[in-house]
Amino acid sequence: MTNGFTRLTEQFLIHIGVERGLATATVTAYESDIAKYIDWLETRGIHEPDAITKQDVEDYIAALDQAGESARSKARRLASIHEFHRFALGQHAVTADVSAAVKAPKGASTLPDVLTVDEVTRLLDAAAVGGSTDPVVLRDKALLEFMYATGCRVSEATGANLDDIDLDEHIARLMGKGSKQRLVPLGSYACRAITAYLNAGRGELEQRSSAKIPERRALFLNKRGKRISRQSVWEIVKATGERAGITKPLHPHTLRHSFATHLIQGGADVRTVQELLGHASVTTTQIYTHVSPETLIETYLTSHPRAR
């Protein structure tokens, strides 16, 4: 990466990470997208931001298409490029945002992986297998109940602190993207699981820490008494899913998708679900308003005058 791009990229990453307060994982994704974009530009002999044209941006997206990138991946990369060019314009590194008129490629909307209510029940039941007095089992059960009850992102679960939970009021405070806080209800199942973990699990995990100053704030601790990591949550979800016999692709975000879908199917208003999820735009939430094939068939059979 040449000097013309290097300084601008560094400033951009500081802007989104510090000034806008985006999560570390989000900043890393932006960094990767922009680095690949600039590498491609430099293969075309473009080494300064103000040398980029609209055609270059369009050609890059076309190159991604030829490389077999999915529509979702291309749309995400273009969104990163849009942010980068807008920032460059604001910094007077360019005289125009040449990416502004470049539209995201159209593609089939892919619905997120969602568990049925029965599958969620099996997953949460499987988390309790292994003994109710084992602190790790108590933690896993509390963690998964918390994630399904709140629909939180994995970063919000790992970042949760003890003082973010009010078990008497059944409320949790989540720190979302851009350091935006929101309050979400905690159901009775989650409250019972968290209470059991706090009473008989967390203290023992905290004592396992070799640190001079124990982890006093974090809600969920790992086996060594430190704040639990994103990777650990992934491993817990995967292992618990295997014990539950769930064959669908399973990751922490699956619980968030399932939370939203089950609320919509239960009659919740999409605007309410938007607030619970912490989405900035209702458009993002509307993917959960999809109708299941079973519901479509049932509605058709009961509504169409010549269905039967």
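Each residue's number is its place along the chain shown, starting with 1.
Cβ coordinates come from backbone N, Cα and C, glycine included.
Look at Swiss-Prot and you will find 3-89 tagged as domain 'Core-binding (CB)', backed by sequence analysis. Annotation source Swiss-Prot lists domain 'Tyr recombinase' at 110-301. What Swiss-Prot records for ARG153, LYS177, HIS253, ARG256, HIS279 is active site. The active site, O-(3'-phospho-DNA)-tyrosine intermediate annotation in Swiss-Prot covers TYR288.
Positions of Swiss-Prot features highlighted on the structure.
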residue	record	contacts (Cβ under 8 Å, 6+ apart)
ARG153	active site	GLY176, LYS177, PRO252, HIS253, ARG256, GLY278
HIS279	active site	THR285
TYR288	active site, O-(3'-phospho-DNA)-tyrosine intermediate	PRO112, HIS257, ALA260, THR261, LEU263, ILE264, VAL270, VAL273
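Of all the active-site residues listed (LYS177, HIS253, ARG256), ARG256 sits in the most crowded Cβ setting, with the most other Cβ atoms within 10 Å.
Averaged across the domain 'Tyr recombinase' (110-301), pLDDT for the predicted model comes to 88. Note: the domain 'Core-binding (CB)' (3-89) comprises 72 helix, 0 strand, 15 coil (DSSP; helix = H, G, I, strand = E, B). DSSP assigns HIS253 (active site) to a helix. Following the DSSP three-state reduction, the secondary structure of LYS177 (active site) is helix.
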